[in-house]
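Here the structure is laid out as structure tokens; the discussion comes afterwards.
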Amino acid sequence: MNAIRPYLAIIAFAAAYAVLSIFVTNSYYQLMLTLVLVWASFGLSWNILSGYTGLISFGHASFFGLGAYTTALGAMHFDLSPWLLIPIASVFGGISGVLIGLPTFRLRSHYFALSMLAYPLAILYVFEWLGYQEVTLPIKRENAAAYMQFHDPRIYTWLALAMVVAIVLISRVIERSRFGMALLAIKQNEAAAEAAGINTLLWKLRAIAISGAIASAVGAFYAVVLLVVTPLSVFGMLVSAQALTVTMFGGIGTVWGPVIGSAILIPLSEILHAQLGARFPGIQGVIFGLAIVIVILVAPEGIYWKAREFIQRRWPQLFARSRHSELAAARATAAPPQAAPEQKAARPSSDDIILSVRGLSKSFGGLKAVQNVSFDVRRGSILGIIGPNGAGKTTAFNLLNGFLHPDTGEVLVDGRNVVGWTPHQICEIGVGRTFQIMRPFARLSVADNVVVGAYVRAATDDEARHLAHDAIMRVGLEHVADRVASQLTTKELRLMELARALAGQPRLLLLDETLAGLGAGEADEVVDVVRKLAAEGVTIVIIEHTMKAMVKLVDRFVVLDHGAVLVEGEPEAVTRNPQVIEAYLGAKWSANHGQAAC
Ligand SMILES: Nc1ncnc2c1ncn2[C@@H]1O[C@H](COP(=O)(O)OP(=O)(O)OP(=O)(O)O)[C@@H](O)[C@H]1O
């Protein structure tokens, strides 16, 4: 029973729809029942890319149209059956997804959305130019069922229903797996996902390939239902808009969104088109436009989420769940993963060098943000990087973990030069990172945030949950593990980012201003956690402004000024250095601490 429970809603929906379709005898309404499911399926395909990753596609008609024309042309020129052509269209859709995704994923947000718009428009003109203005599928009088042609229109509805159920199940599998978590992490913060070891390009390509394959299959089926295909009806703006509108109206990022949106908007626009289409041509476009305006004003993420929020407020017990207890259960059952040898090693640090930076430089236009920086970090030690605002500390970090590529220089992690690697590749070899401006996955729970960081080291979901649980315990956040990240205090967010980095079992942790925004007491608590991690053998490089906390924490300092290393050495020597006092600490520090430091 427990195994069936997540699918009860879709089983009930399919049963009710099938029963409804049995009693609808009017062929026009029967067609509408089928079209509702076709557009719901198309919306579901759009949702797999855009709903889960947040990369809005205005160009899903490319896949839909390719599918429709594959069926139409395959039937016309090669006398092939749609039973064969639909899977072929799906393969074409998947391949075109990768071909479109590879160049277009270089772009972000609205640039991505707008460039996706170009593909169906370009393909539309190609098909017109090829002379395929209107392609009709040949009618089969004999053996019609083998060509997916049926006298009883209800069979199309049932086929469409089977298609929706299949796509909902695929979406559910994606949602509940590492795939879905990766896409959600990308949606909430792509840079943090990449730094947590997620190969963002690969997951996005997988999402667009699956999304494109499904959209093409839906388009191929649409051609079978309507029997006529024109470039405008399958590649037109309204087609892409339809996927977007039904999903945005119903609810983004949930399987129910496209189904709800389609069930409301398609009959509405079809009936108005039938009644008023002659007097008001293009009335469907008006309906979809109005739907978008209403959604933006009333329920920006769609009516599913609005209704869910309402129910959650009214009957909170229906939604009570404990992800952390799941994690704790996973910990009780899963075998403990092998600790990395580096983590077993205890301080004090040896002369073994884990990170070696050689002649690193980076300029932005004429500004030399990092100039010929070199330093070594011994395994098990804590290195502090300090310097005034704009000294190049964050840029140096971005060069170390692959967000930026240096103009010159080397970054050797355990002797391997990682210059040119991507952040997730650097994370894979054991370099974790937190950010100066915190980058939580705001709508995920603390536990889920940390699970995302564990995937880089875990072979299975259970192991990821086990590692996440360990990391949460190490930073002392078990009491808020089920809380949504957006509800955390600054200190908790800092610790959660630490846990997310720790879950990937790094041997080297780069902490970017982990104490920023904390009160004195809170900063001490976080310093204690960092010190404990170092005692467990994790090597730490930390950027900080808070000199007082740093002096007590670090083994060595690198002081940057104007992008170059001003001084390097042990805390006592560095804080007494006249150049450091002049460039960074100022005369006041010298007066207050000079004696103490001596
Ligand atoms: N992407 C960028 N494009 C142009 N200039 C940049 C870029 N990133 C950083 N800079 C400039 O490079 C210099 C070093 O910046 P960086 O953020 O590394 O300093 P920082 O020491 O971390 O400063 P803060 O303590 O204020 O964060 C600054 O002058 C900054 O304006």
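Here, residue 1 is simply the first one shown, and the rest follow in order.
Placed from the backbone N, Cα and C atoms, the Cβ positions cover glycine too.
Under the heading compositional bias 'Low complexity', TrEMBL lists 331-348.
Per TrEMBL, domain 'ABC transporter' is recorded for 355-587.
The region 'Disordered' annotation in TrEMBL covers 331-350.
TrEMBL lists 6-24 (among others) with the feature transmembrane segment.
Residues 17, 20-21, 24, 55, 57, 60, 63-64, 153, 156-157, 160-161, 163-164, 167-168, 170-171, 174, 207-208, 210-212, 214-215, 218-219, 221-222, 225, 242-244, 246-247, 250, 252-255, 257-259, 261-263, 266-267, 270 of the same chain lie 6+ residues outside the transmembrane segment (31-49) yet bring a C-beta within less than 8 angstroms of a C-beta in it. Look at TrEMBL and you will find 31-49 (among others) tagged as transmembrane segment.
Taken from TrEMBL, the feature transmembrane segment applies to 55-76 (among others).
Annotated transmembrane segment per TrEMBL: 83-105 (among others), in sequence order. Counting residues 6+ beyond its ends, the transmembrane segment (83-105) has Cβ neighbours under 8 Å at 55, 59, 62-63, 66-67, 70-71, 74-75, 112, 115-116, 119, 146-148, 201, 204-205, 208-217, 219-221, 224 in the same chain.
As annotated by TrEMBL, transmembrane segment applies to 111-132 (among others). Residues 55-62, 65-66, 69, 72-73, 100, 104-105, 229, 231-232, 235-237, 239-240 of the same chain, all 6+ positions outside the transmembrane segment (111-132), place their C-beta atoms under 8 angstroms from a C-beta of that stretch.
What TrEMBL records for 155-174 (among others) is transmembrane segment.
According to TrEMBL, the feature transmembrane segment maps to 207-229 (among others). Below 8 angstroms of C-beta separation, residues 31, 34-35, 38, 41-42, 44-46, 48-49, 52-53, 57, 60, 62-72, 82, 85-87, 89-98, 100-101, 105, 132, 134-137, 139, 148-149, 156, 159-160, 163, 167, 170, 174, 179, 183, 243 of the same chain, each at least six residues beyond the ends of the transmembrane segment (207-229), sit close to that stretch.
Marked as transmembrane segment by TrEMBL: 241-266 (among others).
For the transmembrane segment (286-305), same-chain residues at least 6 beyond its ends with a Cβ under 8 Å from one of its own Cβ atoms are 238, 241-242, 245, 247-254, 256-257, 260-261, 265, 268-269, 272, 280. Sequence annotations record features per position, and here TrEMBL assigns transmembrane segment to 286-305 (among others).
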- Message: Which sequence-distant residues neighbour the transmembrane segment (155-174)? Criterion: at least 6 residues beyond either end, Cβ under 8 Å.
- Response: 6-7, 10, 14, 17-18, 21, 30-31, 33-34, 37-38, 40-41, 44-45, 47-48, 52, 148, 180, 183, 210, 214, 217-218, 221, 224-225, 255, 259
- Task: Would you report the average pLDDT that the model assigns to the domain 'ABC transporter' (355-587)?
- Result: 88
